[in-house]
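Feature annotations, courtesy of TrEMBL:
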- 493: N6-(pyridoxal phosphate)lysine (MOD_RES)
- 493: active site, proton acceptor (ACT_SITE)
- 595, 772: substrate binding site (BINDING)
- 702-826: domain 'Alanine racemase C-terminal' (DOMAIN)
- 723: active site, proton acceptor (ACT_SITE)
């Protein structure tokens, strides 16, 4: 990260901190997340604090792994003599101060990009357009937050010629901090929208807060067609030292004028006027967002002095920006992380961290091309890469390209090298790529999509997309509502609400949840076999599963005396080498659900039996709320909570040791936060669904069901569609057939006009009956083609609307998506 290294005394000076230890040490890596440690001896760890966590907690763990330099707001008692500490008032402010000082070392131009949408695409397209002309350092992925921006700046080195960084905000006052760090000479303002609006009184206030980024800039690019944006920029900067450069469709108000625009099968043709020049550019996209993003990037490049001919050629070659890391099922029982569009060192670290989360496979394989645009000398870059792979326990490297092949002696792990992608593909069959987590990471010109096509498991065109970053966000949202000491049990039963078992469990374990809960023992066994170590409660333990529960260190819910006695017998019969300590159990109390649990008046008898069973230890005691989402049932719910509290007090008094208590579920956290007790159970809320309408704004959508058009055909008046001829056309129509039906989870009640899908910015009505494997939709007024993507539910047709049209609840929709529908996991 910090190339040639940075002296501790200089860092402390930048942070206005005090060194306790060796001030002459050099560090090269700045770390804020203990789970992403790469090079311990080169690392300085900044112990950040948040509402739910404190980085100081992880200092002993990092010290044990070899980290010796820490930025703290208090010096811990342990390791005082052996470690070096920089003592500061605020570690958060210290991180930003250090980033500002690091950025100030470099005099080459820096471009900052902000706005509500398009920041990452504009940044990446600028890189695609100009990386043959300049050595560019840029933000990894979407590192645009109060922490992401400083971490991005630490990638700057003297060998670069242009810096391009994103900046995003979610609250007032944040952009001032980012501006102080980045100090951009150039700026791009993309647009303004509703993202993060909850912390701003109106759009105008948010717009002006974002414009703070350009207070000291010399050039600012914007779109003159966006009236609110254009007026605000001209008002704020029109009479100052910032040179305003606009693009748009009105000649009088635009420095770069779109004289005409047309579309064909290949993309969009734009005829532009820039000063005295005329340009004709061909953009390989037709959607409005891509045209807008390309114009921001193109206008910057023109204003930056890049020749029109270079840009005309570069725009033709623009390719889609991979906004996320995707995890897919691969051939022969493997998993594939496809990040086959760039191979710079920053993005490699992020991809390797994602690979490390995949505990379901023992083998981890990296297929990697030459590293490009690093700004580092190869003699430093490839040894650093070799260390990174070794420290992350990568099982095998396949290097592709002449440069990485020339450095093959650098790598200590089993490694194989090829001069080109095609030469590797020709020999792929000789490698055992089964039952492995495979990371595919290549620069664009290596065409690694050809490798991905071979590795990916074949499936039909219907896909359930699972956003793992949204899972993490939603977990964080609920954590902020709870006391810092309150534990969280997360539900991954029912195939993780349709989202998958080990894929979701890996994310939750990475984010330190306290327990996972599954419905049946075989689900817990699957997680253990996939490498998940977090404690797991089994909610429906059958007697025939007790041996598996004991063997795989699962923890059963106990709800009756018969079940308790049967499990105790199984524990007594278990081999001694399996049981190193008492087996944890979870006691369920019946408080009003009338489903499962011990009656409160039987707790005394329960205590007597438990005291006679030294091989068991009660981990938690809990109950299940019957109507936590219905505030009209508050009296009943409060009664349930009181019953559990009374029963748990009697249980703990009788047992003589403390037991964790929990009763709140997702909606209970919202409506009865005062009853969080020692732990809460987070279920459907984790997956972005809430029974409380205002809370939905704070949660991120996790699941999106999509498919593709199989065929389009014309029908005439009087023609019918589907089984039973239940739909009859009154006029000529255009009908699209989609390869998704009730066998995939599309309820038959959505047929005959009740359901809709989203296609090309419009809704298309379902015609006739829902078939087992297909539905037909009306696309008469929609300009679409076979192979076009279709959303069943997601961003445009919400899971709530989809459930309402089906006359059910979101839970049922998510858990009804068939196993034959391919799950694709991605991380932003």
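Backbone N, Cα and C define each Cβ position, glycine as well.
Because TrEMBL annotations are produced automatically, they should be read as predictions rather than curated entries.
Mean pLDDT of the predicted structure over the domain 'Alanine racemase C-terminal' (702-826): 93. Of the listed recorded positions 493, 595, the Cβ environment within 10 Å is emptiest of other Cβ atoms at 595.
Around the Cβ of residue 772 (substrate binding site), a 10 Å sphere holds 11 further Cβ atoms from the protein chains shown. A Cα-Cα distance of 26 Å separates residue 493 (N6-(pyridoxal phosphate)lysine) from residue 772 (substrate binding site). Residue counts for the domain 'Alanine racemase C-terminal' (702-826) under DSSP, helix first, then strand, then coil, are 21 helix, 45 strand, 59 coil. A distance of 41 Å separates the Cα atom of residue 595 (substrate binding site) from that of residue 723 (active site, proton acceptor). Counting every protein chain shown, the Cβ of residue 723 (active site, proton acceptor) has 12 other Cβ atoms within 10 Å. A Cα-Cα distance of 11 Å separates residue 772 (substrate binding site) from residue 723 (active site, proton acceptor).
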